[in-house]
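Okay, so here's the structure we're looking at.
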Amino acid sequence: MSHASCDLSDSCLESQLLSDEYQPPETLLGSLDIFVFSLIAGLLIYWFFFRKKPEPPPIRETSFIEKMKKTNRNVVVFYGSQTGTAEEFANRLAKDAHRYGMKGMATDPEEYDMSELSRLKEIPNSMAVFCMATYGEGDPTDNAQEFYDWMQGTDDDLEGVNFAVFGLGNKTYEHFNATGKYTDKRFAELGGKRVFDLGLGDDDSNLEEDFISWKEQFWPAVCEFFGVEATGEESSIRQFELVVHNDINMNQVYTGEMGRLKSFQTQKPPFDSKNLFLAPVTVNRKLNRGGNRHLMHIELDVMDSKIRYDAGDHVAVYPTNDAAVVSRIGERLGVDLDTVISLKNLDEESNKKHPFPCPSTYRTALTHYLDINNTPRKNVLYELSQYTSDPQEQENMRKMASASPEGKALYQSWVLDSERNILLLPQLQARYYSIASSNKVHPTSIHICAVVIEYTTKTGRVYKGVATNWLKNKEVTENGHKHTVPMYVRRSQFRLPFKPSNPVIMTGPGTGIAPFVGFIQERAWQKEQGKDVGETILYFGCRHKNEDFLYQQELEEFERAGVLTQLNVAFSRDQEHKIYVQHLLKKNKEQLWKLIHSNNAHIYVCGDARNMARDVHTAFYEIAEEVGGLTHTQAVDYFKKLMTKGRYLQDVWS
């Protein structure tokens, strides 16, 4: 039979099978094929019908009200924390509650349904306390963003809900304690009952002192409000039990990961604070030509990560502690650093079962998870004093833990000025750097500009910054081995204008130039795309032209190409009288006022918040007064409105 008269349809195949002359074509299944097929089919049937189904993941409790009822708690302390300090304060307040016959729990607002706050009155003698940090341009912390959005949009009736707020901020920033202030104001507007006045902690002064002073007045006010008395019991900071694992599969042990176990070995996007990307270091070069500082430019390869960023965003890097210091701590404590341990929360109802990923070795914990350079807080000193055998040392520790003038002075000189640290430690935090590149020009790499922190304290101790010294040592070698940096990208509001034709005025001395390198790269790219790009003006400052004029060659090339309309550089120490960026701003006041007032220019400031940002602020006020004819009050109001419109943006740190 020919294929011309019959294809391999069912009827055609049947006629072939009935023919005495039929020979099975070679393409049909043989006996071995049938056996293999049957085996595969059997395995598939077993897989779908007889295999043990994995246990479904436990359902996470999202009702903090139900949790409080189940565990007989009447005080909930929420924290908005970026670096861990607000979380620590919240834990201390929650533990203090039992001294007053109450029972508290510290809680991350990101983990619960905050719209349930109106139900808090269902619990007798209950109270919500908020430890709320502010960062950036008056922004809430990442973990408090959803809660903040809820506050802005809700009209829930909070009558009968008792509350108190302690804010953590820094007075060198324009929007000092904005999140704490807003939380306190909003809860009162919604009908909540304020138990005690808003506390405002200032990190530019002494945040710990501010918190202690507020707390010492807060609890007596709570006693009066609820009609309770102190029980006289002391609260302990001990929260965790040490468990040593003598026989454990090392594949179950964390080696530095922040979230998913083995995430460093098997990298899977998307990458964030719980799932870090190990970015290879491809460039690490010194930027300055002289002086006793080390300023560096580092490039991270993100080609295989699917990470996207925009000029102005921040890169979060997770450093590790100095291996030599870790070894010395192990020797001092007399422990085998390779022993596998877990720290188990004594509060079985807590969502936070461990203070850091467990199980891990002592070495991993001290290297990746704990801030061994952190100065001890006063409550830690008081706790340690109970275990101190030397009477004089015990007296000094208790004195430093007190609020007395003598104790404050001793704590300042012996702990803070000397940068002393202790092995009773908070978690090692990410460091955030303004990205010094544009994704339009460098889509597969992220650039960092940083200065290595190293100095001698008043008492002669040498202090080294953890992250910058760690980054400095990530040298690029010829042998093919590439150092990696655990990182992710945090979005920022520090953005170029939507319209490229808007002029931009950038002020960034020192490493404050970082985001502007990315901005200028992007303006050059926009120009290449044929877009109408407005004036691009940079005010940069450094100490000496021949020492630390960062990115000098690149900036001068951009100026020659017409991308950088003006390059104004203040060399503060190249002459007898110091010249800073604010002096150059005032020198060009007529041009600047025209750009700002008539041409819709956007202003950007990056760098030191304590002095530079404030002085630049003042310079713009004076320009508005001297050229624009505004009074000082009008000038302040004028630039506040520019901030509200997103035309005056700051990326500053203290």
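Backbone N, Cα and C atoms are what each Cβ position is placed from, and that goes for glycine too.
Quantities reported herein were computed from a predicted structural model and do not represent experimental measurements.
Features as listed in TrEMBL:
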type     : residues                                                                                               : note
BINDING  : 81-86, 133-136, 168-177, Asp203                                                                        : FMN binding site
BINDING  : Arg293, Thr511, Ser572, Arg573, Lys578, Ile579, Tyr580, Val581, Gln582, Asp615                         : NADP(+) binding site
BINDING  : Arg431, Tyr432, Tyr433, Ser434, Cys449, Ala450, Val451, Tyr455, Gly465, Val466, Ala467, Thr468, Trp653 : FAD binding site
DOMAIN   : 75-219                                                                                                 : domain 'Flavodoxin-like'
DOMAIN   : 274-497                                                                                                : domain 'FAD-binding FR-type'
TRANSMEM : 28-50                                                                                                  : transmembrane segment
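Under DSSP, the residues of the domain 'Flavodoxin-like' (75-219) split into helix, strand and coil as follows: 65 helix, 35 strand, 45 coil. Same-chain residues at least 6 positions away in sequence with a Cβ under 8 Å from that of Asn170 (FMN binding site) are, in sequence order, Phe176, Asp202, Asp203, Asp204, Ala609, Ser654. Within the model, the domain 'FAD-binding FR-type' (274-497) carries an average pLDDT of 90. The two recorded residues, Ala467 (FAD binding site) and Arg293 (NADP(+) binding site), show a Cα separation of 15 Å. Candidates Gly136, Tyr173, Val451, Gly465 (binding-site residues) were compared with Arg293 (NADP(+) binding site); those inside 10 Å Cα-Cα are Val451.
Calculated from their C-alpha atoms, the gap between Gly465 (FAD binding site) and Ser572 (NADP(+) binding site) amounts to 25 Å. When the binding-site residues Arg293, Arg431, Lys578 are compared by the number of other CB atoms within 10 angstroms of each CB, Lys578 has the fewest. Residue annotation for FAD gives Arg431, Tyr432, Tyr433, Ser434, Cys449, Ala450, Val451, Tyr455, Gly465, Val466, Ala467, Thr468, Trp653. The furthest Cα pair among them is separated by 23 Å. Distances between the Cα of Tyr173 (FMN binding site) and those of the binding-site residues Arg431, Tyr433, Ser572, Tyr580, Trp653 are shortest for Trp653.
Neighbour list (Ala133 (FMN binding site), Cβ cut-off 8 Å, at least 6 residues apart, same chain): Tyr79, Gly80, Ser81, Gln82, Thr83, Thr85, Ala86, Thr141, Gly167, Leu168, Gly169, Thr179, Gly180. Closest to Arg431 (FAD binding site) in space, going by CA atoms and restricting to the binding-site residues Gly136, Lys578, Gln582, is Gly136.
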